[in-house]
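Features reported for this protein in TrEMBL:
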type	residues	note
DOMAIN	1-134	domain 'BAP29/BAP31 transmembrane'
TRANSMEM	6-27	transmembrane segment
TRANSMEM	48-67	transmembrane segment
TRANSMEM	102-119	transmembrane segment
COMPBIAS	143-152	compositional bias 'Polar residues'
REGION	143-209	region 'Disordered'
COMPBIAS	153-167	compositional bias 'Basic and acidic residues'
COMPBIAS	175-198	compositional bias 'Basic and acidic residues'
DOMAIN	179-230	domain 'Bap31/Bap29 cytoplasmic coiled-coil'
Amino acid sequence: MTLVWGIIASFLYVEIFVVLLLVLPLRSPQQWHRFFKSRFLAMLSRQAQTYFYLLLAVLVLFLLEAIREMRKYSSNDHSHTETHLNVEMQHSMRLFRAQRNFYISGFAIFLSLVIRRLVSLISGQAVLLAQAEASMKQAQSATSAARTLMNQQKDEDKKSDAKDKPAGGDASNSEELKKKITDLEQELAKERKDKEAMKSQSESLNREYDRLTEEYSKLQKKITISSADKSD
């Protein structure tokens with residue numbers, strides 16, 4: 001293996017390790033989100049998209065080169081009886097190297113896209129969880145405020161009954177309290193609807209996360225089978 005393909009293979013192994021870190025439940029989505037938003041990664045993220053597309057273009061070039069080599073050594077004719085055994089072995093070795101380079105570059109491109117998708121899914125899930133937690137706190141505060149207003153209204157009603165006299169001002173205050181309670185109940189219902197929507201979005205993100213995990217498992221099985229074939 002040449003130096004360039006050795007570097008690409010090392011990059012593929014690093015990608016496999018990163019995918020394992022992201023897929024295994026070692027850290028929560030909030031922790032990963034804080035890590036992605038750290039100062040060091042924030043400095044790198046300014047040019048991250050440019051570097052990603054540049055790396056992807058380089059890998060695509062090596063993939064096309066591997067395909068060209070495969071077609072080159074697959075199209076040669078070996079039907080001549082005068083072909084030496086050493087020449088055939090060299091040709092088979094070059095074809096095997098071309099196929100190996102094709103799989104290495106192809107898997108490197110695929111895992112690059114998988115890592116990018118996993119990072120976006122984890123960050124989106126962390127944001128949704130934070131929004132759901134904030135909405136729950138708002139709903140709880142609205143509920144406590146509504147209960148306080150209802151208790152105040154009950155106290156006002158008891159005082160008016162004890163005084164046993166018309167209370168036009170108390171009636172107006174009671175109407176205002178009822179209106180506030182209605183507004184708070186509407187706000188609480190809205191917060192609950194938002195919470196349900198965020199839960200559905202979080203479940204869809206989890207399903208997408210599981211799908212990518214399954215694709216990664218299939219890819220890892222293909223790599224294992226390819227490595228076993230190469231060792232044979």
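Every residue, even glycine, has its Cβ placed from backbone N, Cα and C.
In TrEMBL, annotation is done automatically, which means it is predicted and not curated.
Taken together, the residues in the domain 'Bap31/Bap29 cytoplasmic coiled-coil' (179-230) have a mean pLDDT of 78 on the 0 to 100 scale. A Cβ distance under 8 Å defines the sequence-distant neighbours of the compositional bias 'Polar residues' (143-152), meaning residues of its chain 6+ beyond its ends; these are 177, 180-181, 184-185, 188. Long-range contacts of the compositional bias 'Basic and acidic residues' (175-198) within the same chain: residues 128, 131-132, 135-136, 138-139, 142-143, 145-146, 149-150, 152-153, 156, each at least 6 residues beyond the stretch ends and with a Cβ under 8 Å from a Cβ of the stretch. Mapped onto DSSP classes, the compositional bias 'Basic and acidic residues' (175-198) shows 24 helix, 0 strand, 0 coil.
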